[in-house]
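As written in Swiss-Prot, here are the features:
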- Cys3-Cys21: disulfide bond (DISULFID)
- Cys14-Cys38: disulfide bond (DISULFID)
- Cys42-Cys53: disulfide bond (DISULFID)
- Cys54-Cys59: disulfide bond (DISULFID)
Amino acid sequence: LKCNKLIPLAYKTCPAGKDLCYKMYMVSDKTVPVKRGCIDVCPKNSLLVKYECCNTDRCN
């Protein structure tokens, strides 16, 4: 699986066991992702942070 880094022009290949890509936003500003990468389990959203997870190459 390949996931985009913070700047979508760059991406990385995920290590074994991390088979989801994620994108993290601040709830107050959903237009600009704060973090992107590989993850094993999609975190729950909180009052401050929203996560979007997916499982295809460069889907984040």
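Glycine residues also receive a Cβ, built from the backbone N, Cα and C atoms like all the rest.
Using Cys42 (disulfide bond) as the reference Cα, a 10 A cut-off selects Cys21, Cys54 from the disulfide-bonded residues Cys14, Cys21, Cys54. The highest number of surrounding Cβ atoms within 10 Å, among the disulfide-bonded residues Cys3, Cys38, is found at Cys3.
Taking all protein chains in view, 26 other C-beta atoms sit within 10 angstroms of the C-beta of Cys21 (disulfide bond).
Here the Cα atom of Cys59 (disulfide bond) is found 11 Å from that of Cys38 (disulfide bond). Taking Cβ-Cβ distances under 8 Å and a sequence separation of 6 or more, the neighbours of Cys14 (disulfide bond) in its chain are Leu1, Lys2, Cys3, Cys21, Cys38.
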